[in-house]
Number of protein chains: 2
Amino acid sequence: MTTLTIQSFQNKYDVNIGTGLRHEISDLLKSNYAKVFIITDSNVAPFYLKEVISAFGEDTAVSSEIVPAGEGSKSMACYSSLLDRCLELQLDRHSLIVALGGGMVGDLAGFVASTYLRGVDFLQMPTTILAHDSSVGGKVAINHHKGKNLIGSFYSPVQVIYDTEVIGTLSNQEIRSGFGEVVKHALLSDHKWFQRLMDTTLTEVNQEELVKHLTSGIKVKAEVVEADERETGLRKHLNLGHTLAHALEAEFGYGEITHGEAVAIGILFAMKISEQTIGADLPFQSYTRWLRHNNYPLHLVSQIDPERTVERMKWDKKTVGNAIHFVLLTQIGAPTVTALTDKKLIQIMTDFVKDEGGTFD
Amino acid sequence: MTTLTIQSFQNKYDVNIGTGLRHEISDLLKSNYAKVFIITDSNVAPFYLKEVISAFGEDTAVSSEIVPAGEGSKSMACYSSLLDRCLELQLDRHSLIVALGGGMVGDLAGFVASTYLRGVDFLQMPTTILAHDSSVGGKVAINHHKGKNLIGSFYSPVQVIYDTEVIGTLSNQEIRSGFGEVVKHALLSDHKWFQRLMDTTLTEVNQEELVKHLTSGIKVKAEVVEADERETGLRKHLNLGHTLAHALEAEFGYGEITHGEAVAIGILFAMKISEQTIGADLPFQSYTRWLRHNNYPLHLVSQIDPERTVERMKWDKKTVGNAIHFVLLTQIGAPTVTALTDKKLIQIMTDFVKDEGGTFD
């Protein structure tokens, strides 16, 4: 087991990463809880809910709620009904809410935990690769029909217990999605790690390599977040690839393209902008080959409507006034933030769709 | 103008207290905002909304929403529709949300501000005496049909601008309600101040005295909150009178008795418990006379059903496990927290209703 310690502005918490940790919850947890409420989804529950419930031991009253898998559950309606459930269960300030699932479950359960009785303890148990990113850093939220994560708070978990064994049951799409954020963390920090990733076929990654990638990813995230939890400066770098990604997710629907796949493509676009505006020399071609080799949905690029997509970006909450702020790379490991006009952005995106869209089909 | 500075775990903010401050907002505010969204209620809007809007000056786009006066607006439905409105207005992370009103508006608008885009700047403009308490300390929340303030967060304003002139338009009931919390702050801190209050007829307090009482009250609140913002210890003392108060409000309905009136009666009950359990010697009789002199609704005491009321108290979120924790006074200025069994509490309350209820009618 690897343990990282993260200092947030609210508290200090451990991230335990290892194989089979879901069976060791009661040993790993730093506090005892009389009442525990597990929030999970319909994909995860059939595999792991029973095991996790029994791992809490007999002295703990454990209840659970299974929400439908998918972004649709990050809704005001679902949030509100989970709060009703907390009250029915008479959870008090000394109870624990557990997020057992991927980023969706973590965001939703975390927002419930952050606002129920003005905040109760919250345990993240990520079950996806993608959640290595979202489970650390304290951002929790639900969606609004106008955009993703528009309602939420900054709220850290008391602990993250990350059982990498459960990643064995992920689909290839979920693995691709997760590695979208892994690639981002590599690009933000370490040229060698990025090169190793470029030599990796995602369906062949073993447990040991996986733990390494996830630990490295969480370290990058943790360093940035510790330096700037409220996203006033440095943390913006973590949005690399995300400005286009959110627009793609909204455009193609949350079913057609996963978050991490959208980020992976968003990164490619950020590389293109970095080359065209600040003259950066980036591995655009080798990264494109890697995306294709691992079946990222590059065919969607040719379907992008630049004007509509830029409109969507302006809806993204990272927008300030009228300029869209983009995270670019001057080189691997050296991110920077640049404001771009709509006009410039539409021009670069039109070229991107025309030049690259064709070759991806 | 008096200015107090409060250090919260999130930020440091000023509380400006004085006459006519609503006209000086643009001078007093420490930042400039391109977009401002004022949330107020149907009682306050006819008197002050126009003045406040115009006080922001021409460079600021000011929008507003008037919610119905009364606790009913602290609902999930109203919260959710205010978030919709924020999105319609395209408020971004650099916008300001203003709470213009009493505690209800502050709690509601504050919860919106704390969760919209994971938190935007928030200005408290209290318009009641009662709000001297709620506008400082960073507690924001909405109600649930199972109880008050069950959904919320800890979120500090960027500033509090408190125009005491607006208190001139308060009803006698609102003045009584406000002084319920003023008395609490006096009892928690200063024997002489409490005595001065006991010599005060509330309908005759002038602006100068009012500013003094409010400033002293905010100082007490600020000291406690700075020492313990998250209510793990000391802050519990601020719940003096509140355990019974919340039950009374729920029992008699939010129209029949106001929050501060309920607190004032809750304090009387806390004095009774303090005498009976820890042998404290408190000015129970003179406080009773003062409550009667100022028309607090003491007649409701005889209508209290002790068993049902204790059941309600157990629903209050301050409950831990099965024991109800009560804030008592060993003497004026010396609060303490004691756990009481249901049985003991019902016994003392039965005596309270029998002995005192009759004399109040």
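From the backbone N, Cα and C atoms, a Cβ is placed for every residue, glycine too.
Whatever TrEMBL says is automated annotation, not expert-curated.
Cross-referencing A:E165, A:E181, A:E356 with the Zn(2+) binding residues that TrEMBL gives (A:H242, A:H259) picks out A:E181. Checking the binding-site residues A:T127, A:K139, A:K148, A:E181, A:H242, A:H259 against chain B with a Cβ-Cβ cut-off under 8 Å leaves A:K139. With respect to their backbone Cα atoms, A:H242 (Zn(2+) binding site) and A:K148 (NAD(+) binding site) stand 11 Å from each other. DSSP classifies A:K148 (NAD(+) binding site) as strand under the three-state reduction. Long-range Cβ contacts of A:K148 (NAD(+) binding site) within its own chain (separation 6+, distance under 8 Å): A:E71, A:K74, A:A141, A:H246, A:E249, A:A250. Here the Cα atom of A:K139 (NAD(+) binding site) is found 15 Å from that of A:E181 (Zn(2+) binding site). With respect to their backbone Cα atoms, A:T128 (NAD(+) binding site) and A:H259 (Zn(2+) binding site) stand 12 Å from each other. Of all the binding-site residues listed here (A:T127, A:T128), the one with the fewest other CB atoms within 10 A of its own CB is A:T128.
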